[in-house]
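Participant: Checked Swiss-Prot, it gives:
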SIGNAL    1-23  signal peptide
DISULFID  Cys97-Cys102  disulfide bond
DISULFID  Cys196-Cys212  disulfide bond
ACT_SITE  Thr243  active site, nucleophile
BINDING   Arg271, Val272, Gly273, Asp274, Thr294, Gly295, Asp296, Gly297  substrate binding site
DISULFID  Cys354-Cys381  disulfide bond
Amino acid sequence: MRTHLRASLWVLCLASMAFSILAAVNTSPKPTLASAFSGKAGTPAVKANKTTGELLPMVINTWNFTAANVLAWRILKQSKGGLRQTRNAVVEGCSKCEKLQCDRTVGYGGSPDELGETTLDAMVMDGATMDVGAVAGLRRIKDAIKVARHVLEHTQHTMLVGDAASAFANAMGFESESLVTPESKDMWLQWTAENCQPNFWKNVHPDPKVSCGPYKPRPTPLTRWKEDRARNEYEIGRKNHDTIGMIAIDVENNIHAGTSTNGARHKIPGRVGDSPIPGAGAYADNEVGAAVATGDGDVMMRFLPSLLAVEAMRAGKPPAEAAQGGLRRILKHHKDFMGALIAVDRLGNYGAACYGLEEFPFMVSSPAGADRPTRLETVKCIAGQDKVNIVAL
């Protein structure tokens, strides 16, 4: 009898505990998007309700490329939501910069390589599907960002490069034409007249510091690598490493990010920078937000700063801290690089960080500036060791 009584009491105890647990689960508040992003709710509620607040829709891009931003904003405002409109906004905005040859570092007629040729890199990323279309080393085709879109929409690939990318563009209806202009030719001739200085070679002979080559490898003891690297360092600056990176978000939180550039001036032919690399030049995820980068692509692409920024926001960091963290990872290894990063969460909050420049300008269009929906923002940069200046808006 006592054995049966004890068993019955034990069953009742277990049932009571189970009921209590279920009640707690059913009555616990679900994490909201705000608490997820502030890191207060454990697992991020990445599929929270949509917002139609004052921050959206929005377009944001690197540098003071105003015309590109204005066009993208106009396209986005005309939309009723949907993936196509954010894509249209980014592609047409970047295309505008290509046509205007923004700072001679986007589009045709700028940044000639060692042979005097201009080649183009571009990328489009869809934050809903995580699909990417990109081109690198594109030759004789002016519309790099539009070709990247065709890679996204008409192939199962992520990136096409070089002459094969140009052949693909021809098949898609794009015409071949020279990307060299009198200005870019003069730029190249002046460079060659000055013994091809500066350049991107190291550990070769003849000495790349005083000669145009052709070069051959020079065996170098490992202990001398840092010395040679410092001696042959190419001075990176805005006028030879600009990229337009653009993010568009509509009121339904659909996100696209895109980039376009003609790369590093006087680059070794075949060089590809960070702009067309997913996670480096740009990254977008509808569940979190997006980021775009600009600067020394050869260094930045090794660290995937745009991906780092998006993942930091996924973990709860605000955009400004996420951008800062993306650059700090680079600074652990490269104290002398130049770069900037913009991060935006899916609700339209944004921040920027920069290093190695006096300041970094970027364009923003959103309802948040009712009297000035399209506006230029700037962030002061600090060139000191392991210091990154940030702006949170």
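Note: Cβ is positioned from N, Cα and C throughout, glycine not excepted.
So where do these features actually land, and what's packed around them?
Facilitator: With a cut-off of 8 Å between CB atoms and residues at least 6 apart in sequence, the same chain places Trp63, Phe65, Ala68, Asp242, Ile244 near Cys102 (disulfide bond), listed in sequence order.
Counting every protein chain shown, the Cβ of Cys212 (disulfide bond) has 17 other Cβ atoms within 10 Å.
In the shown protein chains, 34 other C-beta atoms lie within 10 A of the C-beta of Thr243 (active site, nucleophile).
In the three-state DSSP reading, Asp274 (substrate binding site) counts as coil. Counting every protein chain shown, the number of other Cβ atoms lying within 10 Å of the Cβ of Asp274 (substrate binding site) is 32.
All protein chains considered, the CB of Cys354 (disulfide bond) has 30 other CB atoms within 10 Å. Look at Cys354 (disulfide bond): DSSP puts it in a strand.
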Participant: Please give me the recorded positions out of Cys212, Val272, Cys354 that lie within 10 Å of Thr243 (active site, nucleophile), comparing Cα atoms only.
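Facilitator: So the list is empty; none.
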Participant: Give me the Cα-Cα distance between Gly295 (substrate binding site) and Cys354 (disulfide bond), rounded to a whole Å.
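Facilitator: About 9 Å separates the two Cα atoms.
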Participant: Quick one: of the recorded positions Arg271, Asp274, Cys381, which has its CA closest to the CA of Cys212 (disulfide bond)?
Facilitator: Arg271
Participant: Checking the contact step here: among the recorded positions Arg271, Asp274, Thr294, Asp296, Cys354, which have a Cα within 10 Å of the Cα of Cys196 (disulfide bond)?
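Facilitator: Those near Cys196 (disulfide bond) - Cα within 10 Å - do not exist; the answer is none.
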Participant: I need the nearest neighbour of Cys97 (disulfide bond) among the binding-site residues Arg271, Val272, Gly273, Asp274, Thr294, using C-alpha distances.
Facilitator: Thr294
